[in-house]
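Below is one structure, written out as structure tokens; comments come after it.
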Amino acid sequence: MEKSARQLSVAEQNGESGRLNNGYTSNNIQQYKDETNRHQFEYNQNRNQLLRSIHIIQNLLNELDNYVDRSDCLFHSVWRTDKEKSKFSGNYYPFSPSKMNVITIDLSLRSSSTADEKLISQLGEEAHESLLKVHIEKANKHLFSLFSRVEDTSSKILITGDLNAGKSTLCNALVHKDILPEDQQPCTEVFCEVHDAELNDGKDCVHAIPHGLTYSHTDSSTYKVFPIEDLKRLVYETENWSMLIVYVNDGRPAHESLLHNGITDIALIDAPGLNTDSMKTTSVFACQEEIDVVVFVVNAENHFTLSATDFLRNASTEKSHIFIIVNKFDNIRDKERCKRLILEQIHTLSPGTFADAKDLVHFVSCRVARDPNNREDALYSSFFQMENSLRSFILENRSKSKLAPVRRYLSGLVGDILNICEYNIKLIDFDINHLQQRLTDLSPKFRKVKHEQQFTYQKNESLVEATVQSISQHTHSELEDAIDSLGSFASVKYSGFFFAYQYAISVRDAMQQYLEEKLLESEDYARKRTEEAVLCIQKDVKDNFDSAVLPVFHANQMFIKKHRLQLQKHFRFELGLLDFIDLDLTERLGTWSASLSTILLVLGKTTPSFTTLGAFTGNLGYPIFKYFQNNSLQHLLVPVLGLASICVFGYVIYDIPRALPLKVAEKIKKSLRETDFCHNASIWIGTESRKVLNIPLNDLRRMFHQQWDKQRETISVAENDLRICQKARKFFGEIESRTREAKKKIMMVQLEGCDINY
């Protein structure tokens, strides 16, 4: 920046004629106004751009803060010192986070920083997310302070220094009024903030702020008003007031006045002298965001004391440039040596200040400058050079004093946000590639395995159906044949008429036993076929599941006696007399007719002629006829009936071995067929076999479904993880893009002489 408007003094003007107050000519004033307007336009542009950038970055931080609160949040910490392992693949990521500038972890145990870093690396995901939220909260608070600072058009100048260094004298000289007490002993014990009286309707007065209250000019309850003359008394009343707000009119034109400059509102803050009690408070006050410029007053006779050294070292962490005024320089005889020693100390304490020492370090005497009779003294001109440099540093270089720290912080913060986004994008892309490849491998494999297992299950299901059908058909056929053959059953020996009833019981029991044996044979057949099918199913189970534990099949435990009990009820009947008699002679007569025809055919070849037979009949028949002729039919009826009864009874007794089994068999057949015993027994045995076969079949199906469910769950988890990664990738990608745009806008803020060190 040009020096013409920045360092105007009496010694630098050409001639005495045409000079105005303090050596300013009309040309100099117009040049000052033009250059001031240009700087004000540039300042407003940069200021507005930084305000917009702060708002954008706050939105980005709030979105990050909301994101880590989500249940599907995927955040990779940037504070790890070792490589992170992927929770999706189990492999270590081939990336490491970049160094952070602003969002850093401040470890208090400096001696064991390595151990602390390892401890931070071992924290879980939730802890790192909480750390990010804490840093976001801190950054938002700082951004809010920076926003207030940039938005505020006023500038605050803190004037501090060692005890009795001349701070109050400097303030009086800068406002060209004797308002603060001056003494060789420490005077100011309360912070005094000096403003232009225009901010108080042009009235010179003091607003004393009691302890515990926050000052507001529009709220009269937050302060007490005193006349300006009472200020020299109020500065000693530390027990009553926390701060004194002073409104004063220095009566100078805008191009000369520091407070009434026509560009921005400036406040001079006169701080108590540094000592053991006040140094810490003043250092903290100097580091606050609302302090734009720190003016440090040094007693030329004492140089930098220990308290001054500590203060400058602390304040330099926030303010890279400090305006230093070496007062009482008129008391020094070897001025060059004094300058050299003080500049060497400044070089060590504040390198930024030393680099601009021509503009920021001034050797003056406030006592000499306040006496107009000392115009010819070089120290008189030096004071006005210092005043112009201070005006230039505050007004023309407000970008350096007010905007540069904001731009520097914003640049570092967007760099950290970009580091977070870029690091997370790299790791998320790594996981997305792994999950996509995993799904590419899993889906076809799952479909193929499922198709093969479905075929295996259907094959075994068909085997079960075929086995059950075969068992049912075999049982039905065997029982039907057995029932049909009951009539020809002759395994029981007949012991005579007197044992006919026992014979009937034995025949009935034998038929029951015979049918039960057929049932047992059918059960044995069902066991055999069922065992074969079970072993076949278990073989498929073992082929598909090597680690499956198969139960031992016990075929002898199949079936219960229920169907045999059903059979027994068909044999629980009483034997009657008719069960021993077969009155149906049709079949019997048919047999006799065939036998008689055969006999006559044989006898016909040997029978005598009819003549011979007739002679025989005539000789024998006549006596018989003669007998019946002499005896009536009434006398013959009883003998004939008796003979017939004897014949019938004899026939019945003779026919019991044949008739009884037939009658019992018919009764059993009728009972069995009425209840459809064969069908029910075949269904029962088939059902029991199906129950047994369904056990390994259901086990096979269950194992298949469990495997399918597990594979589907694996695929579903991978798909869900992929969706989470893709959402996170989209989120960080959008944040990264918007952050880069914000960074471009921040970099467009060009501040003269201010470089970004991040």
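Backbone N, Cα and C atoms are what each Cβ position is placed from, and that goes for glycine too.
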Matching range for Swiss-Prot feature annotation, region 'Disordered', among 1-25, 201-225, 451-475: 1-25
Residue among S365, S381, S382, S389 sharing the GTP site, where Swiss-Prot lists N164, A165, G166, K167, S168, T169, N327, K328, F329, D330 as binders: S365
Correct range for region 'G5 motif' (source Swiss-Prot, candidates 76-79, 240-243, 364-367, 412-415): 364-367
Candidate ranges 50-70, 281-301, 533-553, 596-616 [criterion: Swiss-Prot lists as transmembrane segment]: 596-616
Neighbourhood of F329 (GTP binding site), C-beta criterion under 8 angstroms, separation at least six: A300, K335, C338, F363, V364, S365, L379, S382
Per DSSP, three-state class assigned to N327 (GTP binding site): strand
List of residues, in chain order, with Cβ under 8 A from that of N327 (GTP binding site) and at least 6 apart: A165, G166, T169, L170, V297, V298, N299, A300, V364, S365, C366
The region 'G3 motif' (270-273) - residue tally per DSSP class, helix then strand then coil: 0 helix, 1 strand, 3 coil
Most Cβ neighbours inside 10 Å, all chains, among the binding-site residues N164, S365: S365
Around the Cβ of S168 (GTP binding site), the count of other Cβ atoms that are within 10 Å: 26
Other CB atoms, at most 10 A from the CB of G166 (GTP binding site): 25
